[in-house]
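Engineer: Would you mind keeping the following structure in view while I ask a few things?
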Amino acid sequence: MGAMSDASKTTNAKKVFIKTYGCQMNVYDSDRMTDALADHGFSPTQDMGEADLVLLNTCHIREKAAEKVYSELGRIRDFRNEREPGAKKMLIGVAGCVAQAEGEEIMARAPAVDLVFGPQSYHRLPELVARADRERVIDTDFPEEDKFAHLPAPKKEVTISRGLTAFLTVQEGCDKFCSFCVVPYTRGAEVSRPVAQVIAEARALADAGVREITLLGQNVNAYHGVDDKGRQIGLGELCYLLAEIEGLARIRYTTSHPRDMDDALIAAHRDLDKLMPYLHLPVQSGSDTILKAMNRRHTAAQYLEIIDRIKQARPDMALSGDFIVGFPGETDRDFADTLDMVKKVGYASAFSFKYSTRPGTPGAEMDNQVPEAVKAERLEALQAEITAHQTAFNAGCVGLTLPVLLEKKGRNPGQIAGRSPYLQPVHIEADESLIGQILPVEIVDRAKNSLVGTIVTSKVQAV
Ligand code: 5AD
Ligand code: SF4
């Protein structure tokens, strides 16, 4: 009897190693996969050597990201083959957007892979893993059932072990079809989670001790979830409901499209202190010609006008963005307009990328592809401009008192680390018993990408 229960213990105590690439939605998904597997006897591990299941959660947004998957799969295959004879069975699975877009190709190019499944199948993972034990499995359908309704919630202690801040996916997919982007193809049409489901998940996070949530969606401000009365509500209205949840102190959302910054969402920024004054609003280019070719469906002037309206509602709003350089047809003049856009907006931070041709998107078919060397040159110039603004923004914070969410122990003893409303890391000499609180912190200095502060009790100021 004793021997039997020992044996069942060994079979139940399986380990999963997940490596996550790409955006925050993948980070969220990896946690939900961990939760789905937890109910089936898998616990997470950081050590591939002890894993029964290795999952890569992949990103397809740029060519480099997609290619990384194949080289990583080669490494994992070699690792598996070079283990001691008699080592336990290790399954290899590929999830995420590369799986969705190139499932068959992965099966053909990487024979070591046992399991390929797309983002809409995560709730079926335990069943897929059981099948993969017997045969190679591919599942990249868009099923009828609501994945989120079938994904189990994490246990309270698991939530809190993940930290005081959490992601919450409220929307998936995109209907915008920007001409450079694979997302409408890999993640499909826009789908919003019902309001009650989102509120319940946010409540559970707050109950477990989470202080800040970031609502996620490929196009999050296009959210249009159905409420209990059968009405569709937008992201603005959702934020008012979330702001009522006790314990939850901060709300953020990402990533947004300028055309979906509607009046209700802007009003929420005016009314809700919990909605953080830091907005990621990608523009991609400052040139009207390129914006048109990108099918962004707004001009540079319209983008600036939206920012003006947001700043009227919330004067301390800081912005971040995404840019692409070297889109087909981009001239020096177009690129100069992009630099000009950075100067006008004065971003607190921004991401910039060289255009990457994605098969199946309209951009891939366009003439006038820009040479790699020109892209590289423009990227360097753009990043220098962005860095200058980021540095100026951080420097402007020195001397201010900002509310800081004290999140975790710092690198050195006696130090704790937190985040400002603008997502800047802040290092503070203070006792770790304060972790979990939001306290006014006077910013006394800055490093390259972070701030240094001391806790004060005086009034909090905004930038
Ligand atoms: N090439 C380069 N960058 C891209 N992005 C999306 N598609 C591409 C592409 N084909 C960038 C955009 C987007 C961010 C998530 O990735 O800037 O906002
Ligand atoms: Fe891609 Fe964003 Fe454009 Fe949708 S809005 S197509 S996700 S860049």
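Even glycines carry a Cβ here, placed using N, Cα and C.
Among the features that TrEMBL reports, [4Fe-4S] cluster 1 binding site is placed at CYS23, CYS59, CYS97. What TrEMBL records for CYS174, CYS178, CYS181 is [4Fe-4S] cluster 2 binding site. According to TrEMBL, the feature domain 'MTTase N-terminal' maps to 14-134. Taken from TrEMBL, the feature domain 'Radical SAM core' applies to 160-392. Per TrEMBL, the feature domain 'TRAM' maps to 395-457.
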Engineer: Please go through the binding-site residues CYS59, CYS174, CYS178, CYS181 one by one and keep those whose C-beta falls under 6 A from any atom of ligand 1; give the result in sequence order.
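Structural biologist: The binding-site residues passing the 6 Å Cβ test are CYS181.
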Engineer: Using Cβ atoms only, which residues of the same chain lie under 8 Å from CYS181 ([4Fe-4S] cluster 2 binding site) while being at least 6 residues apart in sequence?
Structural biologist: ILE61, CYS174, ARG358, THR361
Engineer: Among the binding-site residues CYS59, CYS97, CYS174, CYS178, CYS181, name every one whose Cβ is found under 6 angstroms from ligand 2, counting any of its atoms.
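Structural biologist: Cβ < 6 Å from ligand 2, in sequence order: CYS174, CYS178, CYS181.
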Engineer: Other than CYS174, CYS178, CYS181, which residues of the same chain sit close to [4Fe-4S] cluster 2? List them in sequence order, counting a residue when its Cβ is within 8 Å of the Cβ centroid of the site.
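Structural biologist: For the [4Fe-4S] cluster 2 site the neighbour list reads LYS176, PHE177, PHE180, VAL182, VAL183, PRO184, GLN218, ASN219.
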Engineer: In which DSSP state, out of helix, strand and coil, do we find CYS59 ([4Fe-4S] cluster 1 binding site)?
Structural biologist: coil
Engineer: On a simple 10 Å Cβ count over all chains shown, which one of the binding-site residues CYS23, CYS97, CYS174, CYS178 is most densely packed?
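Structural biologist: Result for the most crowded candidate: CYS97.
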Engineer: Applying a 10 Å Cβ distance cut-off over all chains shown, what neighbour count does CYS59 ([4Fe-4S] cluster 1 binding site) have?
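Structural biologist: Other Cβ atoms within 10 Å of CYS59 ([4Fe-4S] cluster 1 binding site): 22.
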Engineer: How big is the Cα-to-Cα gap, in Å, between CYS97 ([4Fe-4S] cluster 1 binding site) and CYS178 ([4Fe-4S] cluster 2 binding site)?
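Structural biologist: Cα of CYS97 ([4Fe-4S] cluster 1 binding site) to Cα of CYS178 ([4Fe-4S] cluster 2 binding site) measures 17 Å after rounding.
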Engineer: Taking only the Cα atoms, work out how far CYS59 ([4Fe-4S] cluster 1 binding site) lies from CYS178 ([4Fe-4S] cluster 2 binding site), in Å, as a whole number.
Structural biologist: 18
Engineer: Looking only at the domain 'MTTase N-terminal' (14-134), what are its DSSP counts of helix, strand and coil residues?
Structural biologist: 65 helix, 24 strand, 32 coil
